[in-house]
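Taken from TrEMBL, the feature transmembrane segment covers 40-57, 78-105, 117-145, 157-177, 206-226, 238-257, 263-282, 289-308.
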Amino acid sequence: MKVKRLQNRIAESRFALPATALVALLACLSTGLIGQTRWIQFGLMVVSTYFMVELNNRNALLRTYSRMVSCSLLMLDLTVLHLFSTTITAGIVQLCFILHLLFLFRSYQDKRSMGTIFFAFAMLGIASLWFIQIVFFVPVVWFLMAARLYSMTWRSFLASIMGLLAPYWFMGGLLLYQGRTEFISTHIQSIATFDNLFPYNLPSTMTLVSLAYFALLGVMGSIHFLRNSYLDKIKTRMIYETIIILFGFILGFIILQPRHAPLLTPLLITIVAPLIAHYITFTRTFVTNLSFIAIIVTAFVLTALNSWQPLLTFL
């Protein structure tokens, strides 16, 4: 008989997502949701959470009823709430990346998925209007389409290029009408903005602590899944292996170019969420239950510490 510990009862509870949403609402209220009119940032977080629910449902990321994927995304977002509350850029980039994954995973083993691939890369193109360095993900995604999702053909390759460029076609027309044609060239040139590898300026201490926390969760989730992947369907295995490769790529990107950490962090959170959700939902030992409690406590502590300065400003 399987033992259901605290982590499993919470993971399979229908109240997990509403409770997490309530915590998120209170955290956003405490950091100036009303006083500083941050409704757009809050709305982006809500929409991102909804599409993570869709990502889980459509791809059966968890082989039982659970909202832990979306709960994990929301809780991890709260730990770096200052990134989302001060500007809409982080929220837009994260939402576009989630939609990219949603379309990308729909192309699994579909050699005729040109439309789906077009929209997947259009989401990356839209995100690149705010964060041009996301274009570096494109070769990695092409590799994953060929090696894990089995959807790469010359037609889907062309569709991906067209999707990536589509936002620039529309934006180019608008800027041409406004007489600001130099904006796109300047924006594209900024893709070559890099720090020296060594030595480089490290992010703040709290940013490093948060990144270390996300990295630890990602490693825990990756090891757990690789050890137990035989329990999942082949499609689920391929999707999680795709997620694990993206996790390694994003982590390496942050290590090599920490100046881009503020906008890579939302992408890292998006990738870590399903990994740690799988770990929380399907591990059942006394030690993993303790680790779950430690994960939750650490998330609340980081949320409080990272929100402290915005809270003082609001008060």
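Yeah, the Cβs are placed from backbone N, Cα and C, and that goes for glycine too.
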Q. Looking at 78-105, 157-177, 238-257, 263-282, which one has the highest count of Cβ pairs under 8 angstroms to the transmembrane segment (117-145)?
A. 157-177
Q. What parts of the chain pack near the transmembrane segment (289-308), using Cβ distances under 8 Å and only residues at least 6 beyond its ends?
A. 5-7, 27, 30-31, 75-76, 78-82, 206, 209-210, 213, 217, 220, 276, 280
Q: Among 157-177, 238-257, 263-282, point out the range having the most Cβ pairs under 8 angstroms from the transmembrane segment (206-226).
A: 263-282
